[in-house]
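Over in TrEMBL, the protein carries these features:
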REGION    25-67  region 'Disordered'
COMPBIAS  32-45  compositional bias 'Low complexity'
COMPBIAS  46-55  compositional bias 'Polar residues'
COMPBIAS  129-140  compositional bias 'Acidic residues'
REGION    129-157  region 'Disordered'
COMPBIAS  143-153  compositional bias 'Polar residues'
BINDING   GLN217, LYS233, GLU254, ALA337, ALA338, LEU339, LEU340, GLU411, ASP426  ATP binding site
BINDING   GLU254, ASP426  Mn(2+) binding site
DOMAIN    301-516  domain 'FAM20 C-terminal'
ACT_SITE  ASP406  active site
Amino acid sequence: LLAIFCLSVLQSACVPPTPFSSTFVPRTDPVSHSSSSSTSAAASSNKPPANSQNGERYKPNANAFDHKWNGSISEATDKAKKLLGFEKLMKKEKDHSKLDELFNHPLYNLPCPELQEDDWLLRLKTDAEAEDTQSEDEDKENSITNDSEWQSASEEDGYDKVTWTRDKETHPPWLQFQLGISRWELYDRKDPILAQLTHYLATNRILGAVQKTGGTQLKLLLSFPNYGQALLKPMRQSRDAETDVNLFYFSDFERHNAEIAAFHLDRLLGFNRIPPVVGRLINITTDIRDITTDRKLSRTFFTSPAGNVCFYGQCEYYCSTENPVCGRPHVLEVSLAALLPDLTLAPRRSWRSPWRRSYSRTKLAQWEKDPAYCDTVKQTPPYNSGTRLVDLIDMAVLDFLMSNMDRHHYETFEKFGNETFLLHLDNGRAFGRHSQDEPSILVPLTQCCRIRRSTLLRLRLLSLDEFRLSDVMRESLDLDPLGAVSPLLSEPHLSALDRRLAAVLEAVQTCQEKHSDVIYDDLEKYGDHQ
């Protein structure tokens, strides 16, 4: 009787909310993804009747409840805990969403330029083109025709049997993402494929894992049954660990949570120039060691004295038994980034940044010694025309906000020439220190005194209380699956974003006091009504 009474009170006081929708996959149980379906089932079984009015508390039928309840007191307690578990979700729904308000603002909904055929990075072959090149492309995995089946040349088991046609609906999320890359942005924030892509990265079964060649630190390439791949960066240190002040910028570990946070920050700034990244918990034993075909990688696995499964791979830095990647004992936090199209399909050009650091313990770069260095850059192609200079300053603003000193190169897609955006890749050394800022990262802005009008207006918007950068960043990161484990960025890091944003706006103000041509007006084409 006591159990029935308690549950009746809880049932009437706690109404399960409707499932919320977001751009990213909702947080799920990090060990078993099947829990999300059981939660949905529990929510649907406790929904109020359709004829209930807004604001009216739902009261269950007590007679029906008495008839169905035959459990023990312990079962009643479990039931009560499940009901109380909805309180956090209810509070989140009722709370005002600054993130939604931000993305509803006109500055984040500017009309897209009309795209021509040459403005798409990739396109599907026509039937005629497919027939002409069928003999040459029959062994290539990227051959897609209207009436033929795409088949992998790999003989490995476990891949899905899929038929890809010219119909977009038949393509897996990773392919739809790659086909959606245009001259002006890497992805459309409002495209529903973004949610499908992040969900696929966070939940798909891992079929293979090998070490990625190149780079200075350990990275893996994961393969999925739908022929997609992702770039994995492992957790090397705790999220709250600050970079040692005695370390040079090129001597620090890369951080998995920095890659995730960089993607969210880039999106909040309206750039859309970082490939989607999502956090995930993996099992080192079953998801890497047992399935890898990389012999060099497999030889580096061992069990630590604490009983944790570890590996270290082969790379230039931090790949040794003294700096291993270890699970707890098998589970490991990682970041997974969507891959860009293969270089054979979409070649990319690597550009040396004019403000590249010397990467020396004793020498300074030219821009660190010459205050008028930007005058030389402005006369040098491709910075002497088009939007390349303000694109570079956009990247400098992003790097300053997340304290990334490791921007030595950037890339663009060769197909688009100089009239395109910059790819903001490799952000693993960001968010290392929250206790101090690095003004030298902002030198492209302070030396050139040039910035996009749209970028400046968004920065001002994010400095307002209604859209405070730290608040929308916290809300955005909370949508990542790893947010269920612990916050991806600590509060000091979030506070540092607001502090650095104020510094950027102050730098622009200082430029405007000295120069009259600071603002590059990229909004003029939209008219005064915007």
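The count begins at 1 with the first shown residue.
In case you wondered, yes, glycine gets a Cβ from its N, Cα and C as well.
A C-beta separation below 8 Å, combined with a sequence spacing of at least six in one chain, links ASP426 (ATP binding site) to ASP406. Fewest Cβ neighbours within 10 Å among the binding-site residues ALA338, LEU340: this applies to LEU340. The recorded positions considered are GLU254, ASP406; of these, ASP406 has the fewest other C-beta atoms within 10 angstroms of its C-beta. Note: GLN217 (ATP binding site) has non-local neighbours PHE253, GLU254, CYS315, GLU316, TYR317, TYR318, CYS319, GLY428, i.e. same-chain residues 6+ apart with C-beta under 8 A of its own C-beta.
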